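Annotated active site, proton donor per TrEMBL: B:Glu144, in sequence order. The active site, nucleophile annotation in TrEMBL covers B:Glu303. The substrate binding site annotation in TrEMBL covers B:Arg105, B:Asn143, B:Trp310. The domain 'Glycoside hydrolase family 42 N-terminal' annotation in TrEMBL covers B:10-376. TrEMBL lists B:389-596 with the feature domain 'Beta-galactosidase trimerisation'.
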Amino acid sequence: MDKLLYGVAYYDEYMPYERLDKDIQMMKDAGINVVRIAESTWSTHEPQSGVFDFSSVDRVLDAMHAAGIQVIVGTPTYAVPTWMVKEHPGVLATTVQGPGKYGARQIMDITHPTFLFYAERIIRKLISRVSRHPAVIGYQTDNETKHYNTAGDNVQLQFVKYMRNKFSSLDELNKEFGLDYWSNRINSWEDFPSVVGTINGSLGAEFAKFQRQLVTDFLAWQVGIVNEYKQEGQFVTQNFDFDWRGYSYGIQGDVDHFAASKPFDITSVDIYHPSQDELTGIEISFGGDVARSTKQSNYLVLETEAQAFWHWVPYPGQLRLQAFSHLASGANMVAYWHWHSLHNSFETYWKGLLSHDFEPNPVYNEAKTIGRDFARLSPQLVNLKKTNRVAVLFSNEALTAIKWFGFNFTSDKKYNDVVRWMYDELYKMNIGCDLIDPSAESYEGYDVIVVPALYAASDALLERLNQFVQDGGHVVYSFKSGFANEHIKVRSTRQPGLISEACGISYNLFVEPKNVSLRDDPFEVGEEQNQIHTWMELITPTTAEVLAWYDHAHWGEYAAITQNAYGKGKATYVGCYTSSEVIRKVLESVMKEAGLWGADQELAFPIIVKSGVNEQGNTIRYFFNYSDQATSFVNAYGDGTELLAGTAVSGGHNIELEPWGFCIIEQ
Amino acid sequence: MDKLLYGVAYYDEYMPYERLDKDIQMMKDAGINVVRIAESTWSTHEPQSGVFDFSSVDRVLDAMHAAGIQVIVGTPTYAVPTWMVKEHPGVLATTVQGPGKYGARQIMDITHPTFLFYAERIIRKLISRVSRHPAVIGYQTDNETKHYNTAGDNVQLQFVKYMRNKFSSLDELNKEFGLDYWSNRINSWEDFPSVVGTINGSLGAEFAKFQRQLVTDFLAWQVGIVNEYKQEGQFVTQNFDFDWRGYSYGIQGDVDHFAASKPFDITSVDIYHPSQDELTGIEISFGGDVARSTKQSNYLVLETEAQAFWHWVPYPGQLRLQAFSHLASGANMVAYWHWHSLHNSFETYWKGLLSHDFEPNPVYNEAKTIGRDFARLSPQLVNLKKTNRVAVLFSNEALTAIKWFGFNFTSDKKYNDVVRWMYDELYKMNIGCDLIDPSAESYEGYDVIVVPALYAASDALLERLNQFVQDGGHVVYSFKSGFANEHIKVRSTRQPGLISEACGISYNLFVEPKNVSLRDDPFEVGEEQNQIHTWMELITPTTAEVLAWYDHAHWGEYAAITQNAYGKGKATYVGCYTSSEVIRKVLESVMKEAGLWGADQELAFPIIVKSGVNEQGNTIRYFFNYSDQATSFVNAYGDGTELLAGTAVSGGHNIELEPWGFCIIEQ
Amino acid sequence: MDKLLYGVAYYDEYMPYERLDKDIQMMKDAGINVVRIAESTWSTHEPQSGVFDFSSVDRVLDAMHAAGIQVIVGTPTYAVPTWMVKEHPGVLATTVQGPGKYGARQIMDITHPTFLFYAERIIRKLISRVSRHPAVIGYQTDNETKHYNTAGDNVQLQFVKYMRNKFSSLDELNKEFGLDYWSNRINSWEDFPSVVGTINGSLGAEFAKFQRQLVTDFLAWQVGIVNEYKQEGQFVTQNFDFDWRGYSYGIQGDVDHFAASKPFDITSVDIYHPSQDELTGIEISFGGDVARSTKQSNYLVLETEAQAFWHWVPYPGQLRLQAFSHLASGANMVAYWHWHSLHNSFETYWKGLLSHDFEPNPVYNEAKTIGRDFARLSPQLVNLKKTNRVAVLFSNEALTAIKWFGFNFTSDKKYNDVVRWMYDELYKMNIGCDLIDPSAESYEGYDVIVVPALYAASDALLERLNQFVQDGGHVVYSFKSGFANEHIKVRSTRQPGLISEACGISYNLFVEPKNVSLRDDPFEVGEEQNQIHTWMELITPTTAEVLAWYDHAHWGEYAAITQNAYGKGKATYVGCYTSSEVIRKVLESVMKEAGLWGADQELAFPIIVKSGVNEQGNTIRYFFNYSDQATSFVNAYGDGTELLAGTAVSGGHNIELEPWGFCIIEQ
């Protein structure tokens, strides 16, 4: 990227009246220099099978180019036209709920040859038409692609072939997956039952993994087609999204982001998050860390919120804070979904920069200041390079496995809750980190690896982590790590499996805590924060030092949190679900031991510090105030220049931050 | 109607043993002078296709006639017989849940020709048989007819034809409904997808409107058949019901009551409501106001509760209070569902006047006093004429639209909650009102129109309302009014659309309030009642006076409630969901400005005043005590006669009301 | 049984590696003398249709025999193999949700001839192979058999034939079931609609009864086959389970335990229950009382919890307490589900005696002490004979009927709640009791019958209960008893139907209590416990004495609880749902009147006393401390021997019980 991009999704096709020139004028006023188009409007571009009408694409490209606004063109395959489904209802994904119904997006079977035939044709027609247009800087394939739970007979057949390829024999499969249980044994490949009704967690999780592979394959196939037309300097990207809990909460369980991102030139994501009094910046940071880590490179935020919903309309200052927070995590682009607010259909209240009346409004007006600053500061802020010494190891296998084998019957906690329980404290301590997944073969460059609930993991992965400790690294495991292998087969060794060795502990009982706390409040967090919940393992240390014991009439002899010196490193094991305060204290202690405690950590949320090195080789530090109260901090980083105001700052002096304010210091 | 009717639904077919003579004797004792029969028992009257057995009808008619009890005969079409469904399963409505299952009532496709063929045959057989019987005073077509969500392929085909008729071209449809969104565009009528899966609110709402039209058409078709047999002096009616929330809560979204009531001679309704400590009379008033307004005439209460369920068994006095409350709203008939309590099947605990043992009981005994008073006071109380200067404008289009686009993600508030939020305060202030819907072409006679959440409205409707204000009327709008057109397309002008002009305001941001109140408690309602919830629009007054500002750190510059002089009238706009107390104060102030504040309003709930003019041209005033405590009020209406006691009352004197008591004064 | 059995379910087929010898050694160490095998692994034993492989059965039998461990062999029919469903998908039960999906156990249509053909073949193959093996002591047919809601066309056809057989004519059926209602009348057998959509409670309940009969028939059919091979000294049993609310809560509504147990030599059950701080022993007692009562004989606990789930891992001492509690209720066997913890599939966290690591753990270690004591004390403890003078009369017809006609709209109380409300207080008062159902023709030997919510009952049954009172017995009825006949047709007499006579009361109104208590706290239980909830009948005593009146402004004239002398006995009627304290006081008073108050009752929960007579004719008394606190009691039973310690105890002396401790005294 040669400059910061500030963009919007733009849908000429949705406009209630002719708006193009007026919209472009307003975009220019706001510093918008890129628009994303076409990813949702197949039925407009191909009104009947084989009849194409790209007039809205053409005119937008021409007008944008004339205005100096660049364009990212999406392949319009994530929402299928009416004529296709009318003619071939089978293109809709059959799921555990049965055949699909037309209406929503993202309801097709992404493996269906009819869909693939039509998809390939429109991709080739569209991309070949636009690829040499001077406005086009890149392409997005499909959108927020997932597998949509496709599980019809044809998918089942592919799965059986996949299994046949994976296992040398049915005996091996039956043994590894424990299919004798409840007479589920498969004694002939022809007998392989549809997995939609399976109660076997290993089989269910393997099917989920297979479904994620379908996504990887489908996207690679699209990239292959688009690459045939891609011109020098253009890029191909995909818009990944995250586990959705009303906002972008955590790891996306339906896509392997690291695998799927491989064929792309650059990773893009969409990030939506709470706002107003609930704005913390965590999701911006988390989503950015995932995106950046997929290719260890800068990324694009292809979608984020402008006005969005009633509970997200930003307070004054928040839109700016959010935009620069994306940059601080390594984004080179911030684009809003979307320019205007829709007058019909479904997402009518998911509002864009403009309201339905297309008039300037407080949010749009704030965007204008962002556009100006992006343009002005682009040379210093684009292509920020970030180097982190901490990694969070996540696993889609573990995520899926914990869907099958949850923590208890009364809690709704899931894998991503554990990820966020650990990640959020790193964020609040201003510990920059990467995300890695089980495919990472080397942990070089990292001093600390944080491992939430690695329930399903191969021996090789656990051995790699043991080796990392042996070689001097620090690992912090949560409960449930190491318990089952990559096929969700529980290990028949002492728990926590192979990592028992590095952790110096073992257990074979675990219970649901009721009124259990840590004995003598070892982290001095106070009575409420000292309570544990959801899950506790009854740990016996072998060589480990005990950091916390349980306080309970009958389980008081067991350890809750331990630390073990192993080789040159240390492994910390947190055997229960603690409060935020406790896990924070554990992580803080590990960071200090690992030599990762510095000026950034002396500040803490709501002051968030993010840094990197710019193209000029200078360190850029962002200081964000995620709070409705003004605050200040002492500049512990020496002299530099505050870029927004263009003023010099001196080390040791106080720097003021407004409510939801921030500053950027170059050194 | 030449007299007050006091009735019950009577099912000879359900009796566990021969009861007719004994039942009639007990009815006579209770003053029952009309029974409703036959609407539920098709399978008894036509045990096999084309084989008819009306013996239970015949004998009931004869016996009732002999006893001087009149009869309303229902067409038995709302519950289909077993043989029909066995032979033609397709008569059951296919809905979004798939094909129907036999068992309940109201499960058929009311457009299916097989059903219509059989329905017509039984109607003609039954009505031709009974129409000249001297006991028969009228007919009820079907019962609580709705569309039962019928949405099978045949219904879909009719809908496509309806759409083809409505829109001159697909281009127009695609544009108006925004179908380009998510590739929903329909480029050939053959491609029109089934709407059961649609995510397009405009399409979904139009289908709901089409479904309501099916009800209107079906009922008109039945009336046409019955009219062929109807004799002089007989009437045809339908038993409409209301939005059901465990009781008759609000506007019925599945029927257009005003349109559907046109072919009928008289409108009937059923009204069920909370009782015991929760008895307020609001539902009696609301349902009555709707019923009376459909034809601006008296109406029948074809069903209301006797003992009903365990939580509704009336306290002593309540059954009387309820019966006369119906009359006070303009009813000429009060009938219980039902005479006895069912010994089998489904509604076994929905108890009638009699318990399962058929013996006298406290509720039946109280009914006896009502029957006596109805008979005695009928000349003074029948055909009460009511004239109201306030109307509440409701809209089924708005109701449907708000199903699609609700207030926020955490509230379960719906359109009818807003209707009731405003209506209830009118009721409690003793402001009599009519209900009108968008089909009303003139507002003559009204001084004030109250408009809850008129989210979807045509330009013509909004202009009519503007004109009403211009001409001197008062309109009170709630939030969300004027936002979208009649096709649920959000207006692309400033909000609240065309009514901005009369209201003198505009806004383009709206948020979900959290800890927001009205600044400085402008209505002096106290801290709790001063909170707002669910929805707030960030209003900028143009010419309006601000009645309340928001109290919030960031939204404090916006107005919450405004009032604007426009032409000779005033438009009040309530931009947020307030407490009952606040909306009451707003309405009170408007009523005072409109000159509608008088003696009735100086009383207030739990004393409810209802009045009208009787056939003698005298004013009848009912004073109800909706409370478990005795109360009294000063007679501010001058001299008159209290009809129950037959005593003279003088102006300025105190009148006592017992717990759940009432009096009726004629002047 | 010639000795106490201490067992586990053992699944050689599920083992992750060769474990047999090691497992047997650990079993021997723990005193395990019986294992249950084979009931879940059809697909292992018959990998393809007609291809059999019983090698795991053979080797386990041989190894167990060599070790002196006995074996119960299950017929593996409750979970069907993949090949059967692939070839014949129709063997899966079609339910109201539609056709079944392969995966879980207990999903087949137990009436389907294809299933029956294959089931018979594997039963004959397996049982003929093992029946002469010296390790085999008995057989279990199927497992936790129920009807799985099977309701496909074939089942419906059988039901119509059943109805045709039951009712002499459709007229009789229509009348008895009230089918005229909502046009449900059936005028030709061909028209009989599928009951899956029925809204007629009588029809729905009759279908449920028919489905229970299917279970009885299916089990009898299996027993017949197994009996062909059964050798002298072997037994056939079935593993019944209970109403599941996350544990074994109450009467199993899908099986008639008394009818279904007839063909078996001995009744077995599985009992799972809360543990840790929630351990009360109630479910052990209740399930045991049901099991013992089916054949008035000792029974086996074929499954109960070892470690089980996280919230059930027993505190030290609890596993022992539980094991001996089973014996105290008349069990001759206690077996854990299961030996080891599963490494795959579905019940991975339903842990056995061993954890996934197969190593000794605290729970296993405690089991070792139990095994030793069982072996040592078997001569004194086996075949305990119990004689009770109190019976609780339950009814599956009433249970089903109350599913159709629940208590109110806001309560989730069901039939079993009422059963437990009464049973639990008997338990806590140490009143031993049997369970009887409507099939009991004589109540000889009982002094008191407790009758919870006998909503549906034949005239004959109610007359039998009246006669029991007349003859000197005491009956305690709860509300809702006597209301409807055996076809769920509400009686058209005064309520509570025929028992009005013995109870000396009548009512015809009933309401949902809101803020209602008993006047003047007649049982001196304090304000909170004096409240009633869920249901209240407005009772007028005819000859009864009133034990409690309602305290309510409008219902205060009615009686809540009454007692009536009738003949030589007394009938107590509790017309409302009271607190535990109140029903306890009522029951206590009745027990005292019936002369059933003694030393056991002077103790009370958490001290639980259970007793019986052993084979030596001596009285065995168990004293359990269901509490985390040590306690003691005075021995009011004279001299004896405490069997665990082998020490003499003297009358009048104090006996100490540890937390969760117990003692056993032989006299």
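In case you wondered, yes, glycine gets a Cβ from its N, Cα and C as well.
What TrEMBL annotates, mapped onto the structure for a quick look.
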{"residue": "B:Arg105", "record": "substrate binding site", "Cβ contacts under 8 Å, 6 or more apart": "B:Ser40, B:Tyr78, B:Ala79, B:Asn143"}
{"residue": "B:Glu144", "record": "active site, proton donor", "Cβ contacts under 8 Å, 6 or more apart": "B:Tyr78, B:Gln106, B:Asn239, B:Phe240, B:Asp241, B:Asp270"}
{"residue": "B:Glu303", "record": "active site, nucleophile", "Cβ contacts under 8 Å, 6 or more apart": "B:Ala9, B:Asn239, B:Asp270, B:Ile271, B:Tyr272, B:Ala335, B:Tyr336, B:Trp337, B:His338"}
{"residue": "B:Trp310", "record": "substrate binding site", "Cβ contacts under 8 Å, 6 or more apart": "B:Tyr349"}
Could you tell me which of the recorded positions B:Arg105, B:Asn143, B:Glu144, B:Glu303 sit with their CB under 8 A from some CB of chain C, listed in sequence order (or 'none')? B:Arg105
So if I draw a 10 Å sphere around the Cβ of B:Asn143 (substrate binding site), how many other Cβ atoms end up inside it? 24
Return one of helix, strand or coil for the residue listed as 'active site, nucleophile', based on DSSP. strand
Express in Å, rounded to the nearest integer, the largest CA to CA distance found among the substrate-binding residues B:Arg105, B:Asn143, B:Trp310 named in the record. 25
Find the average pLDDT over the domain 'Glycoside hydrolase family 42 N-terminal' (B:10-376) in the predicted model and report it. 97
Per DSSP (three-state), B:Asn143 (substrate binding site) is coil
